[in-house]
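Before I ask anything, let me first share the structure, which is written out below as structure tokens.
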């Protein structure tokens, strides 16, 4: 007689062969109809209807992504649908012929084959991970179904049937979720081991191979079966009531702890394997740092929950031992540790009942019950003395929360507060708690510290930079004025950029993605600049791709008059003062508002033909009146844009806009307007005076001539700008 695993494998193989024959027969009939009765497509071939030619994605080398072992024509690559030109039109590939693609879907006996990289499978894996975490938290709740009754009569052991029923329903629902996961595993494509030798791995899409691979894997199907076996439910409803009637308390505790560890440890391993698979396929689990922080915190909480549950069960065993010892000392003791109803449903008991509704009255001589439930009594409880009021409490909240608190406190302090007795089981449990505390602190708390460090890394980086800067300024003995300027600039850059170099963050991204990100960040700001408001989207995309953010602190000089202009700066926030020397002692000042720009000498330098390599000098000094946020275009970037889109910069409207907002043109225009106004005023005054001339008027004429010379000097110093836009 074949073994049970071989029988299952044989059944899966026969079922897959039958389904494949049916699918192959249908596809052959469809091929006959499509090809007009071509006999070459018919026959007894039982191979799946799949092309032997590998798809384009499978033949590429580069990013380690999983590819299929065969080209699925029903799911053509997206790049093929988007390819086309004016000579080769794009064909409508989104509506395939149903007669040809309906029978090419990869289906098996368990349903359609799923791609592990799909969003659907990723969402299901996250939901399963949360369900497995809930299952880890539900299993220790079975321990709290056991309790010791405490009234004016004797103490007895019973099982809270109502609470056990609730926990059983929760556990069964979570096992049903895992059972659905097992069903999906029979449909989920896997990576072929042979394909990992050379290349980046290929997915196996054959339904029969997928089912066979999952069923034969010890860490696959059989491991999942062990995890979802309803062992705790069966033990609590079939075994525990019988053992309570037989008063085998030690055997009850031993069975509970062994069964718990038999399923709890595999569940932990299953969760770890699931998280590793999710990280291997997608590179992340939930995608944010805070989710990782929460997962580690939940794991630490579950570990405390498990430790508290084991502590609760072992405390019940010690109380039962105390009651037996007290009974043996009395001589005439007919003790029954079991209550009259070993399974008691407190939720449906009459409310008029004082205390517990199911207590035993089978004690002929009264045992001093408070002595065994008193932590200050003669019986030494060791580490279980704080559990005495918990195991006899009628409140489920107290029974669940206090052991969790004890577990958190014990694991966090490495069991420093534990004072065990000479009982060997108590000593072993204390050793396990110490080792568990060290292990959890090393793994989970260490991971939490890593996440917190990642969150606080930017702030810490800022603090280290400020400390190093202060040390350097102190070592170089910089004056307090310069130190204050450095501190002001560092604070402003931190407030504006958050301590991050935006260009460095997106530097390694693909060009298309980087361009889209910079367009999203800079497009609205660039549109506010009047010079770029009427340009094409293609030019704006190139400007956004080459724009760099800049920050300047108050009272800082952006550029001095006469210095080479290395970049064109566009002001987004703040005001800039422009100072230009017209002659000795004569300064022309103006203010640039948000939307203005400086360094327009580069624009004429880029458009000039023949081209000169020497950068143009700045015609003015620019000083920040406020904290400035801007973006800049370097000389090479601006030259690239003007060379490739010169047709746009020859536009008459753009020429007028550039001259209107240019600080150089505005200064030149202001000087010429003032000169013309003064000439007109002088001419009108001369007409009013007539021909009368006195010595006083002669002196005034000489003074006017000196002023006229200064005005002409200012006019000639303010040379008409050359923007080469004609």
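Any Cβ shown, glycine's included, is placed from N, Cα and C.
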Are residue 184 and residue 386 on matching sides of the membrane - judged by whether Swiss-Prot gives them the same topological domain name?
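No, opposite sides.
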Kindly point out the range from 87-107, 192-212, 255-275, 318-338 that Swiss-Prot annotates with transmembrane segment.
255-275
Can you check which of 404-424, 425-445, 446-466 Swiss-Prot lists as transmembrane segment?
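It is 425-445 that Swiss-Prot annotates as transmembrane segment.
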Of 220-240, 346-366, 367-387, 472-492, which span is tagged transmembrane segment by Swiss-Prot?
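So the range that Swiss-Prot calls transmembrane segment is 220-240.
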Kindly point out the range from 5-25, 26-46 that Swiss-Prot annotates with region 'Disordered'.
26-46
Could you tell me how many residues in the topological domain 'Extracellular' (241-254) are helical, how many are strand and how many are coil under DSSP?
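Counting residues by DSSP class gives 11 helix, 0 strand, 3 coil.
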Quick test of the contact rule: Cβ under 8 Å, at least six residues beyond the ends. What residues does that give for the topological domain 'Extracellular' (241-254)?
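Long-range Cβ neighbours of the topological domain 'Extracellular' (241-254): 146, 157-159, 313-314, 316-317, 320-321, 336-338, 342-343.
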